[in-house]
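Input: a single structure, listed below in structure tokens.
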Amino acid sequence: MSDLKGLLTSCLVLASVMSWVKAVPISIDKTKVKLPEETVKEPSQSVDTGLHYDRYLREVIDFLEKDQHFREKLHNTDMEDIKQGKLAKELDFVSHHVRTKLDELKRQEVSRLRTLIKAKQDIEGGNDIAVDHQALLKQFEYLNHMNPLTFEVEDLDRLIKSATKDLENYDKERHEEFKRYEMMKEHERREHLKTLDEEGRRKEEEHYEEMKKKHADHPKVNHPGSKDQLKEVWEEADGLDPEDFDPKTFFNLHDTNGDGLFDEQELEALFTKELEKIYDPTNEEDDMVEMEEERLRMREHVMNEVDSNKDRLVSLDEFLVATKKKEFLEPDSWETLEQNQAYTEEEMREFEGQLARQEKDLNLKAVDLQKQREDLERQQEQLNAQKIELQQAVEHMERLKTQKVPSPPEMHLEGNDVPESLGHDQPPVPPEHQPLPPGHQDILPEQQQHDVPQNQQNLGQEPRNIPQENQPLPPGHNSLPHDSPQMPLDHNNVP
């Protein structure tokens, strides 16, 4: 098994490590779990590393291992040389088929990254936020995006270094996350005490101290990776005589995937018995999140003592060398989490200060949101009032249309109607004496034979007082109703 393949295996373990905040039932002894034959595969085919470039990483490694020359170089190169980029230079000697496939994988990955970047730009640009292109590109340092077409030595070098860096940074981030968890738990306890009266606080403090005492009251915990600790697994989990303990046999028994290496997950399985001494999920005083942190502390400690080439894997040779050291035969006592507080009081004060500032900011935002809500409600009320006014105006117009009331400029005389504009000072004129509109003058048949010019001679002269009943009708109003009496015309009075 190559060191580069080991690096990939370490990447695969990252997925399981990322679930440290979830409690794992300790009633199941992981050392007894055996994978079914059909599930014993290369890790790259079945497990996600949790890295956002996981698939790309696994496919590149799988194709490189298909090349005979590159595979031989893997077996003869240590981890430090790989980190320094010496192995990446061997890419120039792989077969044309492998290089062609690697080029295709890179083009697919570049296309995926472009899609992600565009989506991020659309989101941030839509919110009027300036897009930091350099920060975006920095997330994709595991390949050379300036050359999107071919997979080169630089791409392999970047991929190896990025995977190693991400694994190393993960442990630091995980410790910080656990520290924040512990400080938040303590902060909530202190805030709860503030809500109690003096008697309540006294009882709560007594209960807290009692729980701490109960949690610390457990059997001795063996030093992780020591002979005593491994012999206990040999006896209780494997059911073998502790006097017959053999390091090589022990290694083969617990190398569950048979790859000749202890990865981080296989190491953590060895600590289950020790953790069961400290934590019980049914006990109020035992925190399962702390149990997982303890498990990871043990794994890191063993890695630091045994993993000589720092590839995050323990080979059989490294394991056998470690069993001959004094630390394996006569280890120091192991200090558990309750003996090593995750934070200092100064860090706690700083943490609570951050929480106070965050709470203040949230309160300000809440006030601002409340003002915005009130403004929106006022605007809604105004809109509702305008809507009601518009509805009333529409209803009024509909009533006017129903009554057929003409507007003042369009009023006209029909029949015997008298316009109000005539005023109230004049006496009402009887209907039969009202002048007819122009064009309605009814000329009698006998009048049609009179000489018109004589009448025209009087045109332009001062009109004489003509009785209302004898006044001429306007043009177009000659035709009188059949039931109206016909008045004889006085030709002398025709203008």
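Using the three backbone atoms N, Cα and C, a Cβ is placed for every residue, glycine included.
Heads up, TrEMBL stuff is auto-annotated, nobody curated it.
Positions annotated as compositional bias 'Basic and acidic residues' by TrEMBL: 189-212. Per TrEMBL, compositional bias 'Pro residues' is recorded for 427-438. Under the heading domain 'EF-hand', TrEMBL lists 242-277, 294-329. Residues annotated as region 'Disordered' in TrEMBL: 189-226, 387-495. Among the features that TrEMBL reports, signal peptide is placed at 1-23.
Within the chain carrying the region 'Disordered' (189-226), a Cβ under 8 angstroms from the stretch's Cβ atoms is held by residues 232, 270-271, 274, 277-278, 283-286, 298-299, 301-302, 305-306, 322, 327-329, 331-334, 336, 338, all 6 or more beyond its ends. In this model, the domain 'EF-hand' (242-277) carries an average pLDDT of 92. DSSP assignment over the region 'Disordered' (189-226) gives 25 helix, 0 strand, 13 coil. DSSP labels the residues of the domain 'EF-hand' (294-329) in these numbers: 24 helix, 2 strand, 10 coil. Remark: secondary structure over the domain 'EF-hand' (242-277) totals 23 helix, 2 strand, 11 coil, with classes taken from DSSP.
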